[in-house]
Every structure is written in C-alpha cells, then in structure tokens.
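**Q** The following block contains the structure, expressed as structure tokens.
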Amino acid sequence: MGNKQTVFTHEQLEAYQDCTFFTRKEIMRLFYRYQDLAPQLIPLDYTTYPNVKVPYELIGSMPELKDNPFRQRIAQVFSEDGDGHMTLDNFLDMFSVMSEMAPRDLKAYYAFKIYDFNNDDYICAWDLEQTVTRLTRGELSAQEVSLVCEKVLDEADGDHDGRLSLEDFQNMILRAPDFLSTFHIRI
Amino acid sequence: MMRSALPLLGLLLAGAEAVGEPTQEPGAPGEPPSGLALFRWQWHEVEAPYLVALWILVASLAKIVFHLSRKVTSLVPESCLLILLGLVLGGIVLAIAKKAEYQLEPGTFFLFLLPPIVLDSGYFMPSRLLFDNLGAILTYAVVGTLWNSFTTGAALWGLQQAGLVAPKVQAGLLDFLLFGSLISAVDPVAVLAVFEEVHVNETLFIIVFGESLLNDAVTVVLYKVYNSFVEMGSANVQATDYLKGVASLFVVSLGGAAVGLVFAFLLALTTRFTKRVRIIEPLLVFLLAYAAYLTAEMASLSAILAVTMCGLGCKKYVEANISHKSRTAVKYTMKTLASCAETVIFMLLGISAVDSSKWAWDSGLVLGTLVFILFFRALGVVLQTWVLNQFRLVPLDKIDQVVMSYGGLRGAVAFALVILLDRTKVPAKDYFVATTIVVVFFTVIVQGLTIKPLVKWLKVKRSEHHKPTLNQELHEHTFDHILAAVEDIVGHHGYHYWRDRWEQFDKKYLSQLLMRRSAYRIRDQIWDVYYRLNIRDAISFVDQGGHILSSTGLTLPSMPSRNSMAETSVTNLLRESGSGACLDLQVIDTVRSGRDREDAVMHHLLCGGLYKPRRRYKASCSRHFISEDTQERQDKEVFQQNMKRRLESFKSTKHNISFTKSKPRLRKAGRKKKDGVANTETANGKPPRDLGFQDTAAVILTVASEEEEEESDSSETEKEDDEGIIFVARATSEVLQEGKVSGSLEVCTSPRIIPPSPTCVEKELPWKSGQGDLAVYVSSETTKIVPVDMQTGWNQSISSLESLASPPCTQAPSMIHLPPRHLGTEEPWAPPALPSDPLLNFAFPPSLAKSGRSRSESSADILQQPELQPLMSQEDNTHLSPGAANPRWCIQFNKGGRL
C-alpha cells in the first residue's frame with residue numbers, strides 16, 4: 001500500500017477520482033498499466049506532475065495493435081494535442097469513457113469523434129470513406145466504398161444535409177438500444 | 001383435431017386389415033401361384049416406410065389444421081397441441097389395437113429425430129450472440145445442470161426417506177440421482193418450440209436456448225456415469241470411478257465439440273471444391289453434419305454438442321462457398337426437416353404417454369419431482385445469475401431470471417433417456433417413466449401455455465425485429481476494433497482481445513484455406529450487408545412497382561444497375577416513403593409507353609383489386625423483408641394506387657395531347673437505356689444480379705452521352721425541386737403543346753390543358769402548388785432513381801425553364817409529368833375545398849410568382865421533407881412549415897385553383 005501512495009498525492013488521487021469514473025484502486029491499476037507501456041519513460045512518482053507522454057510510435061508499434069485499423073485514430077482522439085501522444089490524463093480519460101459508468105452520450109460523443117477524421121464536427125462522406133476503407137482493409141474498390149458510404153449517410157442523415165452531425169449520430173446509435181451497451185471495457 | 005385424426009383412423013383400419021390379410025397370403029406358400037396375378041397386395045414390403053411417411057403426413061396435416069386458426073396458435077404453442085393430438089391418436093390406437101403400437105423409440109429419437117433439430121439450431125445460431133454470452137451459457141449449462149440434477153435427485157431421495165414416496169418405489173440414492181440427471185436437463189426441442197413463439201429478447205433467448213443445447217454433454221455424462229454406477233451397484237463404486245466420472249465430463253464435452261469442429265472443417269473444405277457440381281452442395285451439408293452426429297454418438301461423446309459445433313463452425317465458410325440457390329435449399333431443407341422432426345417428436349410423446357403398461361403412478365414421487373425441479377431450477381438460476389452479474393456488462397435483471405427459471409422446459413430427451421433405463425437394474429423404472437411423462441407434459445403444456453402471458457405481464461423486453469442497417473454493421477465493426485485497440489493499449493487480454501485475435505487468424509489462414517478465392521473476395525461483411533440491402537430494396541421495389549416495369553420490358557436485369565446507380569435513393573424512398581418509387585416509375589412507364597396506357601390502367605386496376613391477396617402474401621414473408629411499418633406502407637400503397645388510377649383516367653381523358661410529343665423521344669431514350677444495360681451485361685458476362693456498380697457506370701455513361709448538355713444543368717440545381725415544379729409542369733405542358741417556350745411567366749396561356757383562372761391562383765400561391773405537387777411524390781432522390789427516362793423529359797423542362805428565366809431546378813425533371821396528374825387525381829374534390837382556403841383569396845400579381853419561388857427556395861429544408869410527406873407517417877408533419885402542414889390539402893387547393 002505504501003508505495004502506491006507515493007505515486008500520487010492524496011489531492012491528485014481525489015482529482016482523478018472526480019474527473020473519471022474510477023475508484024482509487026482502479027486508478028492505481030490503470031496507472032500501472034500505463035506505466036507498463038513505457039517503463040523506462042514514465043516515472044513512478046507523479047507527485048511532481050511530470051510532463052511525460054507516451055509517444056504514439058510506441059503505442060502504434062505494439063504488436064497487438066499492428067493490425068488494428070483504428071489505432072492511430074484512437075490515440076489521436078484521446079490525446080490532448082491530437083498527435084497521438086498520450087499523457088496519463090489522456091490514458092485515464094480513455095478508459096473513463098469506456099467504463100460502464102460513463103453515460104451513453106459521452107460514449108456516443110467519443111465514438112463520433114473517432115469517426116470524424118477531419119475534426120470538423122461532422123461525419124462527412126470523406127470521414128466515412130476513411131472508416132470503411134479501414135474496416136475493409138482496402139478490399140473494396142473506391143467506387144464500392146463510396147456506394148457504401150452514400151448509403152450509410154443516407155440511413156442516418158436525419159436532416160438531409162449530406163453529412164452526419166453529432167445529433168444524427170446519436171439518434172442513430174441510440175435507436176438500437178444494445179448498441180452502446182457493449183461499448184465497455186472492464187479493467 | 002378430429003379432421004386430422006380421420007385419415008389416421010383410416011390408416012389404422014387399413015393397417016388392421018392388412019395385418020389380417022398377410023397371414024392368409026403366406027398361409028399357402030407351398031402352393032404354386034395359379035397364374036400371373038393381376039393384382040397383388042404387398043403391404044408388408046412397404047409397411048415400415050409407409051408408416052413412417054404416413055406418420056409424418058399426419059403430423060404435417062395436423063400442423064396445417066392448427067394453423068388454420070390464428071387464434072388458437074397465438075394462444076397455445078404448437079408443441080402443446082401436438083402433444084394433445086398425440087394423446088388423442090394414442091388413445092384411438094389403443095382403443096382399436098388394444099395395445100399401444102407406436103411410441104417414441106429412443107433409438108429413432110436419437111438417431112433420426114434429434115439431429116435435424118439440433119443441426120438447424122446450430123447452423124442458424126447467431127454465433128456472435130452466442131459467443132458474447134458464452135460465459136453465462138456455459139455456466140448455466142454446466143453448473144446449472146449439475147446443480148439441478150444433484151439437488152433434485154438428493155431431494156427426492158430425502159422425500160423417500162421421509163416416507164412420502166410409496167414403498168413400492170424401490171430406489172436408492174443412486175437411482176434417484178440417475179433420475180435427477182435425466183429429468184433436470186432443459187430440453188432444446190421443447191425450449192425451441194416454445195420460445196420461438198414467445199419472442200423474448202435475443203439475449204434471453206440465446207441464454208436459455210444455448211443452455212439447453214450445451215447441457216447435453218453434462219446430461220449425457222451424468223446419465224452414463226450414474227447408469228454404470230447403478231449397474232455396478234453402489235457398493236462397488238470406488239473413488240477412482242468418481243474421478244473418472246469427472247474426467248469423462250471433459251472428454252465427452254470437449255470431444256464432442258472437437259468432432260463437430262473437425263467435421264465443420266471438412267465440410268467447409270469440401271464445399272470449396274463444388275463449383276462444378278453445385279447440385280450436391282446442400283446434400284454435403286447434411287451428410288457431413290449427420291456424420292458428425294453419428295461419429296460423436298459412436299464414440300459416446302456428446303452428439304448434440306458435435307452437431308451444434310459443426311453447424312456453428314461451418315456456416316460462415318459454407319455460406320460463402322455454396323451458390324445462392326444451394327443456400328436457399330439448405331435453409332429450407334433444414335427448416336423443413338427440423339420442423340418435421342419436432343412435430344413428430346411431440347406427437348409421439350403424446351402417443352407414448354397413453355401406453356399405461358409402461359408406467360406406474362406414485363403421487364408422492366410425481367408431485368415431489370414437479371415441485372423440486374421448479375424450485376431448484378429457480379434457485380439455481382438466481383444463485384448463478386447473482387454470481388454472473390458480478391461479471392456481466394449487461395446484468396440479467398429479475399424479470400430475465402423469472403423467465404429463465406420458468407423457461408426450463410423438459411422434453412423428449414428426458415423421456416427417451418428414461419425409456420432407455422434397464423428395468424432389471426433400475427427396478428423403479430416404471431415410476432420414473434410416469435414421473436417423466438408428467439414432468440414433460442407439465443412443462444410443455446402448462447409452462448408452455450403460460451409463458452407467453454407471463455412474458456407479456458412481466459413486460460419482458462421483446463426482441464424487436466429491425467432490419468440490419470449498414471450503419472449498424474459499420475459501427476459494430478468499428479466498435480469492435482476500437483475496443484480491441486483499447487484493450488491492446490492497456491495490455492488487458494479481455495474478450496475483445498481474443499475476438500480480435502480470432503478474427504485475424506480467421507482472416508489470415510482459415511478463410512484463405514476454406515473459402516473459394518472468389519467468395520473470399522466478395523465476402524467482406526460490410527459490402528455483403530450493402531449488397532443484401534441492395535437486393536432487398538430491389539425486391540421490394542419490384543414488389544411494389546416491378547410488374548409495371550416488367551410489363552414494359554424493363555425487366556429485372558436492369559434493376560441492379562438502376563438500383564446501384566441511385567442505390568441510396570431506392571432504399572431511402574422505399575423506407576421512408578413507402579412505394580413512392582413505385583409511383584415515379586409508374587409515371588415514367590406511362591409516359592414512355594403511351595400506347596400501352598390501357599394496359600397500364602388495367603394493371604392498376606388489377607393492382608388495386610388484388611390488393612388484399614398481396615397483403616396476405618406479404619405478411620407471410622414479412623419476417624425477412626418487411627419491417628414493422630408494413631401496414632403503413634400498405635396504406636400508402638392503397639393511396640397511391642388509387643391516385644394512380646385516377647391519374648391515369650384523368651390523363652387519358654384530358655391530357656392525351658400533352659404526351660404525344662414527348663413520347664417518341666422518351667421511348668427512344670428508354671430503349672437506349674435498355675440497350676446500354678444489355679450491352680454491359682453481355683460485356684461483363686455476368687448474371688444480372690451481380691451487375692452491381694459496374695453496370696451502373698455503364699448506364700450512367702449512356703445517359704451522359706445522350707444528354708450531356710442537360711446533365712451539366714442538372715448538376716447545378718440539386719436542391720430546388722420544390723419551386724421548380726410548378727413551372728416545370730406548366731412549362732412542359734406548354735412545351736409539349738405549343739412546341740415553343742413562351743418567354744413570359746404567363747404559362748396559363750396554354751388554354752387547352754389548364755383553365756386560365758386556376759393557374760393564376762397557383763401563381764399567386766406558388767409555394768402552395770409547389771408543395772402540393774411535391775408532397776405527393778418526389779423526394780430529392782427520386783430523380784436519381786429514374787434518371788434515364790426522366791432526364792429526357794427533364795431536358796425539355798430544363799430548356800423551357802431556362803427560357804422562362806427561372807432559377808434552374810434540377811429536380812424538376814422528375815416532376816414534369818406529375819402536376820397534371822395530381823390535378824387530375826384530386827379534381828373531383830377540389831372545388832368544395834377551394835373556398836375554404838383563406839389564402840386563395842390573397843392574390844399575388846403574376847409576376848410575383850418568382851418571388852414565391854424564391855421563398856420556397858429559402859425554405860429548402862422544409863420543403864424537402866414535404867416531398868415525402870403524404871407517403872410518410874404523420875410524425876413528420878412537425879417538420880413542415882404551417883403552410884405545408886397538410887400536403888394533401890395543398891394539392892386540393894392547387895387543383896381547385898386550376899380548375
């Protein structure tokens with residue numbers, strides 16, 4: 001127990017608890033997971049608020065992630081500066097969103113952000129094409145992809161403006177009640 | 001029920017006669033036949049298969065009879081009815097033959113009746129759902145079954161010790177445990193039969209049903225272990241035997257699953273090479289699955305598990321490999337066999353119960369068993385759920401638990417197992433048989449009858465039948481990847497991690513090995529869903545307006561191209577505006593083939609007249625194609641058909657002239673398009689259904705070449721359809737009639753078609769008329785659907801529009817011919833409606849029409865919705881501006897104005 005207390009000050013832990021959906025224990029566990037990402041980089045003492053980031057290269061080169069089409073996108077969305085480097089706060093944020101306690105709207109919002117490749121707050125055809133291309137690992141031709149995207153847009157586009165706003169997205173995703181219920185990770 | 005019993009009676013009589021006859025015939029075998037017999041009665045040679053066939057026939061007829069009354073089947077599960085029918089038939093047989101002739105033979109049951117049902121359920125098991133809930137299912141199947149059998153057996157033994165069971169029942173602890181093991185397993189057949197009609201939500205269903213399938217291994221092991229213990233005598237059982245029993249649980253379950261997977265692999269591999277012998281594809285599926293079952297049975301492994309795993313494992317690859325027709329064949333044969341087997345099982349269960357020589361009654365035992373299985377099932381479920389909910393993301397709530405406890409139906413497996421008991425080793429067999437029969441009947445009939453009201457009363461979340469959308473597919477995949485990525489980042493090897501691993505393994509090795517290269521290429525799921533949606537849309541498209549298409553030679557081959565060309569629009573139209581597309585097609589159609597107009601009218605008449613039968617047909621296949629809004633869509637259809645009829649008649653009487661001019665050109669265009677389609681088809685050398693987008697491209701090309709100039713125009717003005725319409729309509733008629741475009745906005749000068757005063761009104765209220773027109777049919781996408789034909793007509797409109805100096809309107813083309821018709825449709829009612837409109841008195845100067853237009857333009861958003869309006873449900877009314885609130889009325893006013 002003792003060494004755990006040295007990682008964070010009491011106030012830090014309180015703050016983290018306030019900002020996330022985690023208990024103190026879970027925060028500690030997540031911290032060690034985070035520390036595992038780059039043991040040589042991340043100090044075991046966070047009381048001084050060290051400005052450490054796990055660079056994206058490290059995350060992106062994990063063998064498990066090699067085949068994941070969204071690795072970069074996820075890192076980008078959850079990192080503050082959008083470049084994929086993750087601080088501890090980002091890391092905690094990410095899992096906080098994925099936790100069961102997180103409200104659906106929050107989950108939907110982050111899912112939306114992941115889709116929104118060009119960060120214009122709308123999922124446009126281009127964003128969808130990115131998604132579809134990634135999902136299909138480039139097996140569909142450009143024409144097929146655009147057909148699919150057109151249809152996806154059409155299905156969800158409530159206001160017929162040719163792109164999906166956050167509202168459209170939420171509508172669509174909350175319509176299927178089981179949809180977000182699986183968007184959890186238990187640590 | 002009597003009706004179905006009659007043929008059987010006849011059969012029995014015939015059988016009785018036959019039984020009598022052959023004794024005479026072979027009675028004189030020594031005698032040489034006196035000559036060539038003209039007629040010989042050889043009942044014995046065909047007896048066995050004949051009886052089997054007749055039984056199945058009777059069962060099927062019974063099914064038909066049950067389903068004659070929707071009321072009965074909606075209240076009473078089919079399994080109950082079949083059991084009752086079996087009881088009646090058994091009684092008749094007993095009365096006639098004085099002995100119970102037929103009953104459920106365990107051999108028949110396990111070798112012939114059970115496999116089809118299990119294969120069906122395994123093959124069509126939603127695998128994702130199963131694996132998502134695998135933990136819970138396995139817990140209930142293994143722990144739950146063990147718990148149930150031990151507690152039930154022990155409690156019954158306790159009951160006997162307490163003296164509540166008659167001393168005649170000679171059974172020790174082991175006997176009771178044996179009985180507990182066979183009576184406690186939830187039966188897949190019964191569960192399937194009842195739950196399929198209840199429609200609880202998928203999770204609940206998969207948990208109960210998955211449990212009933214997977215607990216087979218446990219049941220088999222327990223049964224065999226206890227059986228051998230009983231045969232050995234409890235004194236001879238040693239500690240190692242217990243260990244062996246535990247070990248055999250793993251051997252039997254894992255072995256069964258392994259056998260199933262091996263055969264699944266073989267099956268998938270075999271179907272990879274059937275390209276030239278498509279016809280045996282369905283057969284292979286059945287043969288190898290059955291082989292898996294028999295192999296597992298032979299090795300005394302869990303056969304049910306084997307065939308379930310076989311179906312589960314092979315489906316993905318087999319479906320990709322075999323042809324579309326084979327897929328259908330597999331599906332239907334499997335369902336037919338399963339349903340047939342199920343029917344026979346329940347009927348035979350009923351019949352077997354009549355045979356009183358087999359059983360002996362003891363009230364204490366029967367009641368005790370009933371109480372215990374219900375109680376311990378409930379207790380077990382609650383305890384296990386409590387544990388499971390600590391780990392489940394979506395906890396099972398109380399209501400789910402009630403349904404799960406109550407849905408623990410026992411069935412034919414228990415009965416077959418109890419019949420298999422050896423009377424010399426288990427002296428209390430007769431009592432056990434009686435108890436089992438009562439338990440089975442109680443669970444199937446009483447619980448089966450009450451579970452539906454219970455589910456309703458508890459408001460259990462029902463399964464909602466929403467069609468798969470591309471979005472859903474897309475997001476599911478994306479979420480999977482996201483979750484897997486997040487798990488990877490944190491180094492947490494959870495469920496998503498493993499699924500991701502498996503998918504990658506599958507993609508890299510298994511799919512490569514087991515799938516045809518071509519199939520592998522197409523197989524991508526997103527594209528697959530897209531493709532299926534496409535097909536579905538095309539089908540419903542054809543369903544609603546397709547006959548018209550085909551009647552004019554625009555047959556299915558052109559459908560894919562048309563569809564994929566404006567893929568989304570078709571879907572959209574069909575989904576949102578019901579058969580809106582149909583109407584548009586209709587328009588094209590009649591325009592194109594003016595000379596066939598009478599045909600078309602006839603067609604419409606028929607459509608209208610045939611409406612009811614069609615609806616029934618639709619309802620029957622609605623499970624697959626049509627969503628919950630069927631009714632709504634049908635209403636729309638009726639409305640539209642009426643509209644169309646009226647339009648037709650009106651047009652033929654009044655607007656004949658207007659179409660003559662456009663005809664030749666349009667028809668030419670249409671033909672050209674057809675040619676184009678044909679060309680591409682032949683060039684591609686593909687079957688029409690597979691045309692997909694390649695075709696699209698080709699068609700588009702032809703269109704483009706034909707009408708390049710207009711194409712460029714069209715691109716400018718995607719969104720302004722609303723306003724354009726009025727003018728277009730006018731313009732068209734004008735163009736058509738006078739051959740020239742008048743430069744002024746005074747379109748009303750074309751007197752033959754339109755009386756001048758109403759046009760003025762229309763001009764005065766342009767947005768009104770525009771909305772009215774739009775409201776009925778055209779969505780912005782409509783034009784995309786019918787591009788070729790429409791565009792020709794639309795060219796004219798564009799040119800006229802340009803001359804009118806009105807803002808360009810691309811969408812207009814689709815509307816060209818509509819306005820006059822609309823007018824026609826509503827004509828009869830219009831005059832009374834006219835005075836009621838206050839706005840009509842408010843007149844703009846004619847020149848203001850333009851401003852009106854711009855106004856409608858400004859509210860493009862609003863107007864886009866109104867387009868679909870009349871065909872859509874009222875909920876969308878909220879989107880409309882007040883003026884557009886009720887499009888139908890708008891139409892009327894509009895028309896009234898014109899008249």
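A Cβ is built for glycine as well, from the same backbone N, Cα and C atoms used for every other residue.
Just lifted these from TrEMBL, have a look:
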- B:1-18: signal peptide (SIGNAL)
- B:48-68: transmembrane segment (TRANSMEM)
- B:56-457: domain 'Cation/H+ exchanger transmembrane' (DOMAIN)
- B:80-97: transmembrane segment (TRANSMEM)
- B:109-125: transmembrane segment (TRANSMEM)
- B:137-159: transmembrane segment (TRANSMEM)
- B:171-195: transmembrane segment (TRANSMEM)
- B:204-226: transmembrane segment (TRANSMEM)
- B:246-269: transmembrane segment (TRANSMEM)
- B:336-354: transmembrane segment (TRANSMEM)
- B:366-387: transmembrane segment (TRANSMEM)
- B:399-419: transmembrane segment (TRANSMEM)
- B:431-451: transmembrane segment (TRANSMEM)
- B:650-692: region 'Disordered' (REGION)
- B:662-674: compositional bias 'Basic residues' (COMPBIAS)
- B:704-723: region 'Disordered' (REGION)
- B:705-723: compositional bias 'Acidic residues' (COMPBIAS)
- B:850-887: region 'Disordered' (REGION)
**Q** Are the transmembrane segment (B:336-354) and the transmembrane segment (B:48-68) near each other by the rule of at least 3 C-beta pairs under 8 angstroms (pairs 6 or more apart)?
**A** yes
**Q** How about the transmembrane segment (B:431-451) and the transmembrane segment (B:171-195): do they have 3 or more C-beta pairs under 8 A, pairs 6 or more apart in sequence?
**A** yes
**Q** Establish whether the number of Cβ pairs under 8 Å between the transmembrane segment (B:399-419) and the transmembrane segment (B:246-269) reaches at least three, counting only pairs separated by 6 or more residues.
**A** no
**Q** Ranking B:137-159, B:204-226, B:246-269, B:336-354 by Cβ pairs under 8 Å to the transmembrane segment (B:171-195), which is first?
**A** B:137-159
**Q** Given a Cβ distance threshold of under 8 angstroms, which distant residues of the chain, six or more beyond its ends, lie next to the transmembrane segment (B:137-159)?
**A** 130, 165, 171-173, 176-181, 183-186, 206-207, 210-215, 217-219, 222, 364-365, 368-369, 372-373, 376-377, 379-381, 383-384, 387-388, 404
